[in-house]
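Colleague: I'd like to ask some things about the structure below.
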Amino acid sequence: MAQETNHSQAPMLCSTGCGFYGNPRTNGMCSVCYKEHLQRQNSSNGRISPPAASVSSLSESLPVQCADGSVPDAQSALDSTSSSMQPGPVSNQSLLSESVAPSQVDSTSVDKAVSETEDLQGPRAEGLVPLECDPPSSVSDTTQQPSEEQSKSLEKPKQKKNRCFMCRKKVGLTGFECRCGNVYCGVHRYSDVHNCSYNYKADAAEKIRKENPVVVGEKIQKI
């Protein structure tokens, strides 16, 4: 048993024959030889894949072809769509024709509407007869009355008599106005002096009748 354990623990040399000890984890090679082995594998894989220089050359050749005129199909499709989306040049004549057309339509429609209204109103207007209405007489009388009152108010008020009717003496504010309608001075103010025409007796009798009505008892009816 001891011999077997010693035999298993004995170191093993590198499989490449470099003289160093190998490791079963690195396929029996030493660390240096294992690194070189990995580098060789990587280099061999890189030769199979296309180099970076060829890729850059392809990317440079594409814009050159586009400049020469050989445009890819995708680029031509994009150009065609963009050209279809862009509006074409609009001429001044087309704009003028579009602006004039609505105005002509509006004017023609207005003329038709006016002609129709005239046709409808024509027979009715011919059949109608204007009526003349005279203002009522009461209204005319009421309008004339204020005018007459205004004319009277505009007239100058009559001046009061300031002279005695008998002696023609100026009495001013000290004159006495009699019931007969004349003004007299202090001497001629009495009715018996200036022979007054006013009937004082009849006036007094009328006042007595109004103030003292006749009182008559009811008659006794016989049974």
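These residue numbers are counts, starting from 1, taken along the chain as shown.
Quick reminder: no glycine exception, Cβ is built from N, Cα and C everywhere.
Since this is a predicted model, take the numbers as computed values, not measurements.
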Colleague: Swiss-Prot annotates one residue of LYS169, LYS201, LYS219 as N6-acetyllysine; which residue is it?
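Modeller: Annotated as N6-acetyllysine in Swiss-Prot: LYS219.
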Colleague: Check each residue in the chain of HIS188 (Zn(2+) 2 binding site) that is at least six apart in sequence and keep those whose C-beta is under 8 Å from its C-beta; list them in sequence order.
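Modeller: Listed in sequence order: CYS164, PHE165, MET166, CYS167, HIS194.
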Colleague: So of CYS30, CYS180, which of the binding-site residues has the fewest other Cβ atoms within 10 Å around its own Cβ?
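Modeller: Selected from the binding-site residues CYS30, CYS180 on minimum Cβ neighbours within 10 Å: CYS180.
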Colleague: Just to verify a number: CA distance, CYS178 (Zn(2+) 3 binding site) to CYS30 (Zn(2+) 1 binding site), in angstrom, no decimals.
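Modeller: Cα of CYS178 (Zn(2+) 3 binding site) to Cα of CYS30 (Zn(2+) 1 binding site) measures 174 Å after rounding.
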Colleague: Identify, among the binding-site residues CYS18, CYS33, CYS164, CYS178, CYS185, the residue whose Cβ has the fewest other Cβ atoms within 10 Å in this structure.
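Modeller: Counting other Cβ atoms within 10 Å of each of the binding-site residues CYS18, CYS33, CYS164, CYS178, CYS185, the minimum falls on CYS18.
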Colleague: How many Å separate the Cα atoms of CYS18 (Zn(2+) 1 binding site) and CYS180 (Zn(2+) 3 binding site)?
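Modeller: CYS180 (Zn(2+) 3 binding site) has its Cα 181 Å from the Cα of CYS18 (Zn(2+) 1 binding site).
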Colleague: Would you list the other residues of this chain near Zn(2+) 3 - those whose C-beta lies within 8 angstroms of the C-beta centroid of CYS178, CYS180, HIS194, CYS196 - in sequence order?
Modeller: PHE165, ARG179, GLY181, ASN182, TYR184, SER191, ASN195, SER197, TYR198
